[in-house]
Amino acid sequence: MTDLSLSGPVPEVAEDGVWLACIECGETYAPFEEPTYECDACGSLLEVRYDEYHDFDSVAGEGVWRYAPALPVDDGVTIEEGNTPLYEAPSIEAAVDVADLRIKHEGMNPTGSFKDRGMTVGVRVAERIGVGRLACASTGNTSAALSAYGARANKETLVLLPEGNVAAGKLAQASLHGATMLEVEGNFDDCLDIVSELADRGEVYLLNSLNPFRLEGQKTIGLEIIEQFRDQTGSLPDRIVLPVGNAGNTAALHKAFRELVAAGAIEEAEVPTLTGVQAAGAAPMVEAIENGWDSVTRWEDVETRATAIRIGEPVNAPKAIPAIRQTGGTAVAVEDEEITAAQRELAQDGIGVEPASAASVAGLRKLREAGEITADEQVVCLTTGHLLKDPDAAAEAGNDPTTVPNDVDAVLDAAGD
Ligand SMILES: *Cc1c(COP(=O)(O)O)cnc(C)c1O
Ligand SMILES: [Zn+2]
């Protein structure tokens, strides 16, 4: 039985009031002694636990580190991540017909995706444990973030990428920040199998979202949403709609809200409904939710233009499935055409996102049309990465330029009146 209750005595292995606990069997582990990603006893996922849960009063630094008292280390390897905008999106709000719509734009992080929030914590923990080489499998953004934070920490980084399926902006970032980049003749899930094996052999420190410390950093997305939404509207959002790849954010947001409940900062009934969106060509989580399964079945063949969520086996499913169920949420699949249409709609409100991010808005539209989301709801859509991450997708979704002679009248002519 998955236990996400956060209660129980502080175990002997705790250090600074922090430990790791298995979400299935409850086994506990020392947090900073050696790399630990999964439960030795039963193989399930680990979660960071604390002797004390904090509400918003415990302000420390800025951005992610504003929430330092709720994080496993006091400070991070930082490039000033977090504190991203919560935008209004008036035309989408009207077109989709919900009471309130805000866009939490995680593309506004230093490397252009929410992955930075996990890395500022994860790379600091890597330093504390004293590991050598950092590594990840990545559809692109994890590698961009890890290369930047690894560089900042002066650590060697190795990134494994699915050959031919990483967007140009992300490749450029990993390349310039100096990661060792290996393109594997396989998909993301194959890359993760390999890097997990390397981590098991002690060759690398794994910074995929299987790493429970990364999710602690990503938790701050949920904390910021609660604070910003309350500041802007005076209430809390009913629902958060987010794209799902490895389902790390789904798990991390749920943990943020469980901890706020444990700290007495919000009521259980106020926890927003978590609603996951996948691309139709890579939707194992939607399949699991729709069928009432407790685990996902790996999809061997995945395909979507939204390469950031082109994932066949979401590793955080054991956390994310309860997150969706316990908050009364659901999961929905959208076609690539719907994703592109949503990317254009966001652009019309001045918000530039990569395709995977637009999946959240496409999912909102679909569930609203189906009546599963109602007109009285206050909704936040999470947009996970910046438009410039995938310039090819943006150019394809947008207008083509017209070539004109080097002449004022010709320009005016072509521009129209
Ligand atoms: C990593 C990523 C996702 C997937 O997030 P998960 O937490 O793995 O579900 C979605 N969108 C973008 C842009 C990403 O980089
Ligand atoms: Zn266990």
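Glycine residues also receive a Cβ, built from the backbone N, Cα and C atoms like all the rest.
Under the heading pyridoxal 5'-phosphate binding site, TrEMBL lists Asn141, Gly245, Asn246, Ala247, Gly248, Asn249, Thr384. Of all the Cβ atoms in the protein chains shown, 29 others lie within 10 Å of the Cβ of Ala247 (pyridoxal 5'-phosphate binding site).
The domain 'Tryptophan synthase beta chain-like PALP' feature in TrEMBL is assigned to 78-385. Confidence across the domain 'Tryptophan synthase beta chain-like PALP' (78-385), taken as the mean pLDDT and rounded to a whole number, stands at 97.
Taking Cβ-Cβ distances under 8 Å and a sequence separation of 6 or more, the neighbours of Lys115 (N6-(pyridoxal phosphate)lysine) in its chain are Asn109, Asn141, Thr142, Ala144, Ala145, Leu146. Secondary structure at Lys115 (N6-(pyridoxal phosphate)lysine), as computed by DSSP, is helix. Taken from TrEMBL, the feature N6-(pyridoxal phosphate)lysine covers Lys115.
According to TrEMBL, the region 'Disordered' annotation covers 392-417. Residues of the region 'Disordered' (392-417) grouped by DSSP class, helix first, strand second and coil last, total 14 helix, 0 strand, 12 coil.
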8 Å Cβ shell about Asn141, Gly245, Asn246, Ala247, Gly248, Asn249, Thr384 centroid, pyridoxal 5'-phosphate site members excluded: Phe114, Ser209, Pro243, Val244, Thr250, Ala308, Ile309, Asn316
